[in-house]
Amino acid sequence: MGAIEGLTLGFSHALSLSNLGWALLGCFLGTAIGVLPGIGPALTIALLLPITFSVSATGAFILFCGIFYGAMYGGSTTSILLNTPGESGSIITALEGAKMARNGRAGPALATSAIGSFVAGTVGTIGIAFLGPIVVELALKLGPAEYFMLMVLCFVTVSAVLGGSALRGLTSLGFGLLLGLVGVDLQTGQPRLTFGVPELLDGVNVVLVAVALFAVGETLYLAWRYVEGPVEVRHVGSIMMSKSDWKRSFWPWIRGAGLGFPFGVMPAGGTEMPTMLSYFMERKLVRPEHEKEFGTTGAIEGVAGPEAANNAAAAGVLVPMLTLGLPTSATAAIMLSAFQSYGIQPGPLLFTTQADLVWTLIASLFIANVMLVVLNLPLVGLWARILKIPQPQLYAGILVFATIGTYGISNSVIDLVLLYGIGIIAMFMRRFDFPVAPVVIGMILGPMAEQAMRQALTISQGDWTVFVTRPISLVILLIAIAALAGPRLYAAWLRRMA
Amino acid sequence: MTSRRTLIAATAGLAASGLGAGLLGRPALAQQRFESLFVFVPAGPGGGWDGLGRALEQASRAANLVGSFQFENVGGAGGMVGLPRFISQRRGRPNALMVGGAVMVGAGITNRTPVSIRDVVPVARMTTEPGIIVVPASSEFQKLSDFTDALKANPGGTSVAGGSAGGIDHIILGLMLKSLGRNAREASYVAFAGGGPAQAAILGAQVKAGISGVSEFAEQVKAGRMRALATTGETRSLDGVPTLKESGIDIVMGNWRGLFGAPGINAAQTRALVDYVTAVHASPAWREILTTRGWDDAFLTGDAFAQFLTRDHAETEQVLRDIGLAS
């Protein structure tokens, strides 16, 4: 069945009243859980698994996909407004988004992330329908060696968030790498840095660390340095995106979507790496007149790009699931177990044996995307109003919100201890001008890079040349070197010419 | 409505008691075994252990064996996060069951946690899933002997993908190397986090072979993207694929799942739990679940299960020591 034919069939099923209802319910639930840090789409779908006993397969999967896409939309809202990322793909969004909100640009930041999510979600879903099977075959050619090089490339992005002092930035990065080491080592099964606490065996949750660093750290810092005075109400500013905002967002959306989708398709890709790369790219490509907005008042490019990358990657994650039956993320794994409770064995034959279901699902992804942007855009004004709450009350609310969300991750008191422990560290980091973003980057990339490197070396029997003898690996390494050294060489060359 | 429900329940109960009585050779009562039952799942919702717990509920409700169910999921580290919590919070409670299995035995040894699966009361082994050894479709290994020859000649160059180190997949490879006269430490085992990335590495021929549970790879084998060389059960799991045992490698290994009672319950209370799961096992609803989910029945209770557990623990510890993951 061709893609056009399949889509026509899919839309004819998905546009039924009950299926539209499931999509709407899913979008709504997804947005809500995306807003809460900790409670992600995987957990929500797992809790909803019992509905598979009474709801048709099509209805259930439309609901699940709505939740999945909706969570990607919702996750950015708290990142921007409260500096509290709802899930790991929107951690980077918080970097510029929260700064924009603080400077009276919450409306445009939320709008660019909603519209960017729509653009990227649509690009991603078109990718699933037309390119899925081809891209996934290419992605299978990537082995651990290539993944390690991709992570090396992502480490370059740290340079964009190091801040004024490289020493401080690298210290933060080291702290992140250290946190990433906690837990059972995958390659040997041995616990590292767990100090006999069973809750630490699975490592420290990255969303927890992000919430602690961004939200708790900032709140504690403000409480510490707060000076009683006239209550300052934050300026909400214009809700709409101006003409220049549209112009500045357009290419970041497209670039972010183009970067995100292939990473989502890669079995070991995920949503974090493309958001980092997109941020780095936008920071380097920004027009000189807006360059100083990065890291100070917040640049809209830094929200539009990563947010688009996040959503396109989320769409990409569905490709290996639908074309090969590979669960490459927690959410995909749960969805696959839902397939099984309908007696459908997900695998490479899914597209042929369950064509109706698969195409209806893809069609409903398009519908969910439209619903989400329609649902989210009018909410922008409402959300932005949160910032009118006076600071002490607002930050007390953030603290409550962060605590509930973190407890929701695994109902563990240890997690709360970690949240506040790391929050206090973050408070001092803020006091002494250490950037917090490198901590999160180190924590996400460190363990991934370590495992990929050791997998590659196990396969090559300890031969380090594997990273340069495999062509794709070598190309990525060269790109990384160019990204790191290129701008400096270029600047030096300009100076010599002058 | 009420009367109809009672009628259905009574019929189901009668059917269950009839079967139960036939199997046990003594009169089993049609009434509820437990007014309420607490089921502890030391893994997140949606996984294999959670599936067993929910299936227990489904079958018990159909046979009207339990009034109400309460579930708690505490996931992480192969069950080693949940286990200490079950032990400390449910001690002496006669109506609490924990789901567990082979993964927990290995995790307890490699993680060196202070508690292990031996600290809870074995009630019954319910299901098992044999392992499967596959190679990429493009592989030069056509049959099992091609793979074992390569493994024997050069274990370091024969990379095998599977789940986390020290897990069942790794143990199967270790046992195979041992039976081939090599040292388990020589294995070139590449651990991946979860089935997806491991499958991708095999499909992309990044590794020479892969080991996992049969259900993980069965669809890829059917679609011709992977070639199955052997399964590790007592009998064949896939048509035309031999077991290790019939191929002359005396290894029978499965990812078994079972139920455990809280520590500190007395013999009579253990007996009651065993009787209850025996009744569940005999119910038609349970039969149906086994077929729809494709689970292999591995029912074993009481002392026989306890002995199996002791043996499994000792064997697992020995292999992990050979691999170098346990002291």
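The backbone N, Cα and C atoms fix where each Cβ goes, and this holds for glycine too.
Any TrEMBL annotation is an automated prediction that lacks curation.
Fair warning: this is a prediction, and the values are worked out from it, not measured in the lab.
Here is what TrEMBL records for this protein:
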TRANSMEM  A:20-39  transmembrane segment
DOMAIN    A:20-441  domain 'DUF112'
TRANSMEM  A:46-72  transmembrane segment
TRANSMEM  A:109-135  transmembrane segment
TRANSMEM  A:147-167  transmembrane segment
TRANSMEM  A:203-224  transmembrane segment
TRANSMEM  A:250-270  transmembrane segment
TRANSMEM  A:312-336  transmembrane segment
TRANSMEM  A:357-383  transmembrane segment
TRANSMEM  A:395-420  transmembrane segment
TRANSMEM  A:432-449  transmembrane segment
TRANSMEM  A:469-491  transmembrane segment
Long-range neighbours of the transmembrane segment (A:250-270), counting only residues six or more past its ends (CB under 8 A): 112, 115-116, 119-120, 123-124, 127, 132, 135-136, 139-140, 142, 144, 147, 277-278, 281-282, 285, 301, 304-320, 326, 328-329, 448, 452
Any contact, the transmembrane segment (A:432-449) to the transmembrane segment (A:357-383), with at least 3 Cβ pairs under 8 A: no
The transmembrane segment (A:109-135) and the transmembrane segment (A:469-491) contact flag, 3+ Cβ pairs under 8 angstroms: no
Same-chain residues at least 6 beyond the ends of the transmembrane segment (A:203-224) whose Cβ lies under 8 Å from its Cβ atoms: 37-38, 40, 82-88, 91, 94, 98, 176, 179-180, 182-184, 391, 395-396, 398-399, 401-402, 405-406, 409-410, 415, 418-427, 429-431, 436, 439-440, 443-444, 447
Feature contact check the transmembrane segment (A:469-491) with the transmembrane segment (A:357-383), CB under 8 Å, 3 or more pairs: no
Region pair the transmembrane segment (A:20-39) / the transmembrane segment (A:395-420), three or more CB pairs under 8 Å: yes
Positions whose Cβ lies under 8 angstroms from the transmembrane segment (A:46-72), at least six residues beyond its ends: 13-14, 18-19, 22-34, 40, 86-87, 89-90, 117, 121, 310-311, 314-315, 318, 331, 334-335, 337-339, 341-342, 344, 356-357, 360-361, 364-365, 368-369, 371-372
Cβ-Cβ under 8 Å with the transmembrane segment (A:312-336): same-chain residues at least 6 beyond its ends: 40-42, 45-46, 49, 61, 64-65, 68-69, 72, 89, 120-121, 123-125, 127-128, 132-133, 135-136, 139, 256-271, 274-275, 345-348, 350-351, 358, 361-362, 365
